[in-house]
């Protein structure tokens, strides 16, 4: 007769990544000099942090342990993460907590709109955790956040960084109908590495998502990015670039993968700044409107100034076609 064992989870410390607990440790390598950043200590950084706390908002800057948080928050640039801080996926590279999310906060769109107005942002980036537990993957919540920002800050341009809405019929149409200025969905890595790095996702689903945005509304800028240093080969990155161009992706970002903990995927290589320059040159030759490639490049890094460059590049290309 089997014995039933009851575990009292209330007395156990919460694990940020319980699904990774059984994995062998991957030693964290010392970062090269070109990746190190200063600890945040600017007064505006603390003001931005306090505003996020007071509004009860989550930022991907903190949850994903972004190395650029000091620089960005010192300029009042914070990427807000909606729909909670718990993700239903368990990607091998990501520092966001995995688990069973809470119910959606129906008041969150209003608070995001107010925070954007208080920060006086000209350009805002909104991202989210994956919400596979929701029927629409959180698409309507994204739309409500976009509408709330339009109400409080009609001149602010809006960039969204979305999940893949895998098996969520109609979700993409809902988000695109809300008309963000930039629709970003990150591929993250090359298709060969998906089974180990991004096991809950499908590479071609992500490519189709980006292609679908352009088919629904060609005026919306599309954007996607990869982390380098996970074991990819140069030709594999070039193939992803080609897939992006077939899907008419406008903006490509390339940055160095940094290992959040010993339980996460190991850094296979620190890609040098010169190598990033080479990737950027290759991407520009393929026709992207905008390319950002450097060790510290992240999806929303310098997003405001990059959006201005993106608009200028489109206008220039339109003039050339006349």
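The backbone N, Cα and C atoms fix where each Cβ goes, and this holds for glycine too.
Feature region 'Disordered', per Swiss-Prot, maps to range 1-29 of the set 1-29, 30-58. Of the recorded residues, residue 91 ([4Fe-4S] cluster 2 binding site) and residue 300 ([4Fe-4S] cluster 1 binding site) place their C-alpha atoms 19 Å from one another. Sequence-ordered, the extra residues of this chain that approach the [4Fe-4S] cluster 2 site, with Cβ no more than 8 Å from the Cβ center of 87, 91, 94, are 89, 90, 93, 95, 96, 98, 129, 130. Its Cβ taken as reference, residue 300 ([4Fe-4S] cluster 1 binding site) is surrounded by 26 other Cβ atoms within 10 Å in the chains shown.
Averaged over the domain 'Radical SAM core' (73-289), the predicted model has a pLDDT of 94.
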